[in-house]
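**Student:** A single structure is presented below for examination.
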């Protein structure tokens with residue numbers, strides 16, 4: 001059984017703050033600063049260029065990929081870190097389209113995170129005539145999977161409401177129609193158990209700065225199923241995905257398996273910070289995390305509904321049908337969230353009216369949930385949000 | 001006049017090491033560890049998600065882009081950081097092709113860094129029929145610029161020999177034929193003055209971990225000329241290049257000017273390390289750096305040619321025709337470089353027979369050059385390289 005008091009003690013959680021935004025950016029692991037500092041001094045400082053071999057920098061993208069792979073049910077050696085999630089979406093969808101060359105439609109839903117849609121829009125525009133990004137309601141996805149579709153690209157957990165797609169069922173439907181799947185695990189990895197191998201998924205991507213706690217700008221990951229790993233030819237064919245990067249050949253030859261999904265020089269400082277975060281994950285069982293997260297979310301829903309009649313639940317009521325977050329709708333949700341944040345409860349707002357709270361058992365417990373609800377109820381029931389300074393929109397929320 | 005003793009004192013240079021590989025990875029600025037540590041503690045740790053606004057994380061890619069822009073003659077507000085150089089090459093060439101839609105040939109040379117060629121190979125394959133990457137000898141580039149060419153993509157300084165292209169002359173030739181230019185400044189930025197605006201360049205890209213000293217995996221930069229900045233539509237259209245990223249619209253609308261070349265979440269730890277490196281650059285005049293670099297390189301060539309008859313100069317003999325490095329050919333160059341490295345002189349090897357030494361006046365001086373030559377001469381004249389352990393190839397050199 002995971003010892004959540006022990007994991008909580010390994011994070012820096014500012015005094016007077018209840019942090020319910022780990023679904024946007026996870027907190028600082030206490031050991032991260034020293035670990036990164038040591039890497040900077042002992043490796044960058046003392047080894048300089050030889051750090052790529054001696055300190056194992058070159059292997060970090062695969063080492064960390066495998067550590068994350070364990071949380072998402074990937075076969076060992078089939079996940080690699082690099083770039084940003086946007087780039088990895090592009091890479092996965094471009095590769096998936098090449099596996100289905102007679103079809104030209106990418107199917108997604110309007111609950112997907114916008115950058116996934118933007119990246120595919122850009123990709124399809126460059127591919128030329130006849131390519132189409134078809135975006136339907138989340139509930140309409142299953143019926144829209146036909147033999148016209150080349151690629152099904154979905155985010156498992158809706159970033160606004162937490163609504164989950166059934167990965168196994170939709171992947172099965174897709175495969176029955178000859179459709180290749182790309183799953184975005186941004187709000188899944190570290191939030192709930194994912195079984196990529198068991199679902200027979202084709203491609204998956206995700207980021208490591210949310211539930212995985214890798215720090216601001218931590219790199220993304222990409223998974224390619226073993227059955228495709230030696231056949232896909234990445235559209236983003238960079239030198240570190242080459243069979244022999246340091247031969248400096250003029251022609252590209254894809255590297256072995258997942259190595260070919262690497263592109264450029266990996267961000268060693270970010271990967272080093274992520275290592276500390278993954279050390280904490282080694283102490284946790286993702287099934288325990290999921291059970292505890294459902295408990296915390298259920299408690300939050302019950303307490304908020306009992307004390308804040310102004311708020312309407314936007315997330316699925318049934319724990320197994322949502323991710324590790326709870327969202328409520330409120331017309332003045334932006335101002336209300338600012339007022340709550342001013343009192344030390346950090347959630348976030350998503351347009352047009354979603355107040356979003358993430359529950360992350362590694363460092364959030366029942367006492368935090370109760371304290372957060374007390375503050376939220378105070379803000380709501382005393383209209384504390386109704387002040388001009390809470391209505392000024394900032395660039396990033 | 002730049003005080004190079006003062007800049008040298010700001011780097012960690014390991015005892016007993018003469019570092020002539022700043023063209024691969026610059027050394028650690030002494031202040032970087034504390035600066036990154038402070039950012040991790042005071043910003044990631046204490047501000048968490050609010051750091052994107054409060055600590056200015058979201059603005060770092062443009063702030064640092066402008067600081068680098070000053071070294072490469074870019075107009076303010078036209079350089080932005082992000083991703084890796086490979087990704088930025090793809091983005092630049094894809095955008096450049098769209099500005100020239102009736103043509104389908106990208107011209108480059110076989111002295112270009114291979115990943116540039118690989119990325120364009122992947123791009124053109126995805127664009128479909130008729131697209132061609134035409135790779136000629138560096139000396140043949142000028143004659144190969146015809147009205148058939150859509151995009152001229154060149155690296156200004158050859159990574160192996162240091163041979164320089166004439167950016168102004170080739171850009172003029174290109175424009176006379178209606179060709180759009182993409183310049184890779186990997187071995188130029190921080191090595192020598194570049195005048196993008198004065199050359200009328202269209203696009204430029206580069207990395208920040210070589211001469212700029214941003215650390216392993218530091219992000220890349222991209223420049224788009226003001227005349228194109230509001231018309232290019234980036235193929236890699238990520239949410240942070242959107243006009244209103246936090247509106248979460250389903251459709252992509254490019255952001256203002258260079259902002260549209262941003263893609264995903266920026267690597268804040270890497271950007272923070274780069275800030276310290278740029279503080280040192282604020283103390284230097286790039287013209288002084290260039291003059292000193294030519295002096296150091298000329299001294300190295302003279303001393304090596306006087307003492308190591310086994311080595312053949314591979315770099316241009318005239319200082320203004322080469323970058324900030326000197327390369328010599330030797331059939332057993334790999335082993336010789338390993339033997340030199342074992343004695344504390346760090347250069348690197350590039351296949352098939354190039355021994356490469358970088359000269360970086362910010363932290364390398366005449367005494368270093370003389371000491372390095374003494375060691376190299378000892379290795380060469382006493383065949384110290386002729387040992388089996390120096391002939392085992394490592395993955396990264």
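Each Cβ is built from the backbone N, Cα and C atoms, and glycine gets one as well.
Okay, so TrEMBL annotates it like this:
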- A:85, A:86, A:113, A:114, A:115, A:116, A:155, A:184, A:187, A:209, A:239, A:265: pyridoxal 5'-phosphate binding site (BINDING)
- A:210: N6-(pyridoxal phosphate)lysine (MOD_RES)
**Student:** Which three-state DSSP class does residue A:210 (N6-(pyridoxal phosphate)lysine) fall into?
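**Tutor:** Assignment for residue A:210 (N6-(pyridoxal phosphate)lysine) reads coil.
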**Student:** Go through the recorded positions A:85, A:115, A:155, A:187, A:210, A:239 one by one and keep only those whose Cβ is less than 8 Å from a Cβ of chain B; report them in sequence order, or 'none'.
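**Tutor:** The answer, in sequence order, is A:85, A:115, A:239.
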**Student:** Check each residue in the chain of residue A:113 (pyridoxal 5'-phosphate binding site) that is at least six apart in sequence and keep those whose C-beta is under 8 Å from its C-beta; list them in sequence order.
**Tutor:** A:155, A:159, A:184, A:186
**Student:** Name, in the order they occur in the sequence, the residues of the same chain whose CB lies under 8 A from the CB of residue A:115 (pyridoxal 5'-phosphate binding site) and which sit 6 or more residues away.
**Tutor:** A:85, A:86, A:89
**Student:** How many Å lie between the Cα of residue A:239 (pyridoxal 5'-phosphate binding site) and the Cα of residue A:210 (N6-(pyridoxal phosphate)lysine)?
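**Tutor:** About 28 Å separates the two Cα atoms.
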**Student:** Could you state the whole-number distance in Å separating the C-alpha atoms of residue A:210 (N6-(pyridoxal phosphate)lysine) and residue A:187 (pyridoxal 5'-phosphate binding site)?
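**Tutor:** Computed Cα spacing between residue A:210 (N6-(pyridoxal phosphate)lysine) and residue A:187 (pyridoxal 5'-phosphate binding site) is 8 Å.
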**Student:** What does DSSP call residue A:239 (pyridoxal 5'-phosphate binding site) in the simple three-state scheme?
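**Tutor:** Reduced to three states, the DSSP call for residue A:239 (pyridoxal 5'-phosphate binding site) is helix.
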**Student:** Going by DSSP, give the three-state secondary structure for residue A:115 (pyridoxal 5'-phosphate binding site).
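**Tutor:** Once the DSSP labels are grouped into three classes, residue A:115 (pyridoxal 5'-phosphate binding site) ends up as helix.
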**Student:** Report the same-chain neighbours of residue A:187 (pyridoxal 5'-phosphate binding site): residues 6+ apart in sequence with Cβ closer than 8 Å to its Cβ, ordered by sequence.
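**Tutor:** Counting only residues 6 or more apart in sequence, the Cβ neighbours of residue A:187 (pyridoxal 5'-phosphate binding site) under 8 Å are A:23, A:155, A:156, A:157, A:158, A:159, A:162, A:210, A:211, A:323, A:324, A:325.
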**Student:** What is the Cβ neighbour count of residue A:85 (pyridoxal 5'-phosphate binding site) at a 10 Å cut-off, with all protein chains included?
**Tutor:** 29
**Student:** Quick one: what's DSSP say for residue A:85 (pyridoxal 5'-phosphate binding site), helix, strand or coil?
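**Tutor:** Residue A:85 (pyridoxal 5'-phosphate binding site) sits in a helix per DSSP.
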**Student:** So, three-state DSSP: helix, strand or coil for residue A:187 (pyridoxal 5'-phosphate binding site)?
**Tutor:** coil
**Student:** Applying a 10 Å Cβ distance cut-off over all chains shown, what neighbour count does residue A:239 (pyridoxal 5'-phosphate binding site) have?
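**Tutor:** There are 27 such Cβ atoms around residue A:239 (pyridoxal 5'-phosphate binding site).
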**Student:** Validating a neighbour-count step here. Other CB atoms within 10 A of the CB of residue A:155 (pyridoxal 5'-phosphate binding site): how many?
**Tutor:** 26
